[in-house]
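As written in TrEMBL, here are the features:
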type: BINDING; residues: GLY105, ALA106, PHE138, ASP223, GLU224, VAL225, GLN226, THR281; note: pyridoxal 5'-phosphate binding site
type: BINDING; residues: ARG141, THR280; note: N(2)-acetyl-L-ornithine binding site
type: MOD_RES; residues: LYS252; note: N6-(pyridoxal phosphate)lysine
Amino acid sequence: MEQRVTRKAFDEYMVPVYAPADFIPVRGEGSWLWDQSGKDYVDFAGGIAVNALGHRHPEVLSALTEQAQKVWHLGNGYTNEPVLKLAKQLVDATFADKAFFCNSGAEANEAALKLARLVGHSKNADHKNEIIAFKNAFHGRTLFTVSAGGQPKYSQDFAPLPPAITHLPFNDLSAVANHISSRTCAVIVEPVQGEGGVVPADPEFLHGLRALCDQHDAVLIFDEVQTGVGRTGELYAYQAYDVVPDILTTAKALGGGFPIGAMLTVDSLAAHFQPGTHGTTYGGNPLATAVAGKVFELINTPEVLGGVALRHLWFTERLNLINHQYHVFSEIRGMGLLLGAVMHERYNGQAKQLNQLAAEEGLIGLIAGPNVLRFAPSLIIPQADVEEGLNRLERAIARLCS
Ligand SMILES: *Cc1c(COP(=O)(O)O)cnc(C)c1O
């Protein structure tokens, strides 16, 4: 008989860059997961803002299996139908004229930052290469993106890092105004800092960045890897803020669970990339883009996008009620279905502990730093599942506070 795989195998065989929960989910359906023992969980994590249509959505499953019967991969010597359809969907729905496909958020940001440097060099061969980024930002784990990220603990051990990246305080427009110059080639920002604690940008901050980039001929990059594809209730957060970037990166929810990323930009910038300047083997692979095309089609509707605002209320109203009783949070914040509950100072640093208690009660959540409990559930989660998940959270909170 085949031996049963257990959580112990992780410690035995896996490079220890993660510390996964001690149970192993084996099946998902909608906003529910089941582990090896058959225990059920309400899923408010969505694979970290990825499973935007929940698990095993029937139409997405059909798109996957239909494409799997045709052709999986061709390489970039040939284009394919699903990638061309997806590119048109993205261009039709956004400010962008062109799309570049890759496999992850980090790769989308890597492409964006490389393009910004390339554009800067075309204007001033030596000097227009500085990138302004923000403290507590997260842009991925490649060396360039981890350097652009604003948490030194993720980058410092990999020095020497790519130079000419400056980190300024998030939401501090005067800091940017004081620093930006003709040397600046790009400003990269998350409209809502996700990993950094679910911190929405102030509207004036993003509008101000747009104006400063225009003044100094720098490109404005919105990292919408976490906020994109409906998460905030708009297709992309830039639309909610009414600030149009020059480059936008999208991944996570774009594939609904199938790995894919994209960088979107306008013709005048896209033209700086020529055959050979950038690429990736799997980028725009027909299997990934067939799935993403279906996910995008299903999410980019008034019903799904409008439903996000309603679900935001289901969450925040109940979370505030729970908090009224237990005073465990100091603030409930976020946009749409990217929600952060900040631990009250009495429970400082205990977000992870609360998340573990929640898992014991059958709720899968996320944290964003030591102090913020984060939820990024399916955009179509039914009200009954929200209620059930929050019942379970309330039991976990009662235990934390006892
Ligand atoms: C998750 C995330 C990334 C990195 O995406 P990967 O697919 O893990 O490479 C980049 N930026 C933001 C804002 C993210 O949330």
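Even glycines carry a Cβ here, placed using N, Cα and C.
Note: TrEMBL annotation is automatic and uncurated.
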Running a distance check here. Ligand 1 versus the binding-site residues GLU224, THR280, THR281: which have CB less than 6 Å from one of its atoms?
none
I'm trying to understand the geometry here, so how far is the Cα atom of PHE138 (pyridoxal 5'-phosphate binding site) from the Cα atom of THR280 (N(2)-acetyl-L-ornithine binding site), in Å to the nearest whole number?
22
Of the recorded positions listed here (ARG141, LYS252, THR280), which is spatially closest to GLY105 (pyridoxal 5'-phosphate binding site) when Cα positions are compared?
LYS252
Mind giving me a neighbour count for GLY105 (pyridoxal 5'-phosphate binding site)? Other Cβ atoms within 10 Å of its Cβ, every protein chain shown.
28
Roughly how many Å separate the Cα of VAL225 (pyridoxal 5'-phosphate binding site) from that of ARG141 (N(2)-acetyl-L-ornithine binding site), to the nearest whole number?
13
Let me know how many other Cβ atoms fall within 10 Å of the Cβ of ALA106 (pyridoxal 5'-phosphate binding site).
23
Can you tell me the CA-to-CA distance separating ARG141 (N(2)-acetyl-L-ornithine binding site) and LYS252 (N6-(pyridoxal phosphate)lysine), as a whole number of Å?
14
Which binding-site residues (ASP223, GLU224, GLN226, THR280, THR281) fall within 10 Å of LYS252 (N6-(pyridoxal phosphate)lysine) by Cα distance?
GLU224, GLN226
Per 10 Å Cβ neighbour count, which of the recorded positions ARG141, LYS252 ranks highest?
LYS252
Quick note, ALA106 (pyridoxal 5'-phosphate binding site) and THR280 (N(2)-acetyl-L-ornithine binding site): C-alpha atoms separated, nearest Å, by 13
Excluding near sequence neighbours, so keeping only residues 6 or more apart in the same chain, what lies with its CB under 8 A of THR281 (pyridoxal 5'-phosphate binding site)?
GLY75, ASN76
According to DSSP, collapsed to three classes, what secondary structure does THR281 (pyridoxal 5'-phosphate binding site) have?
coil
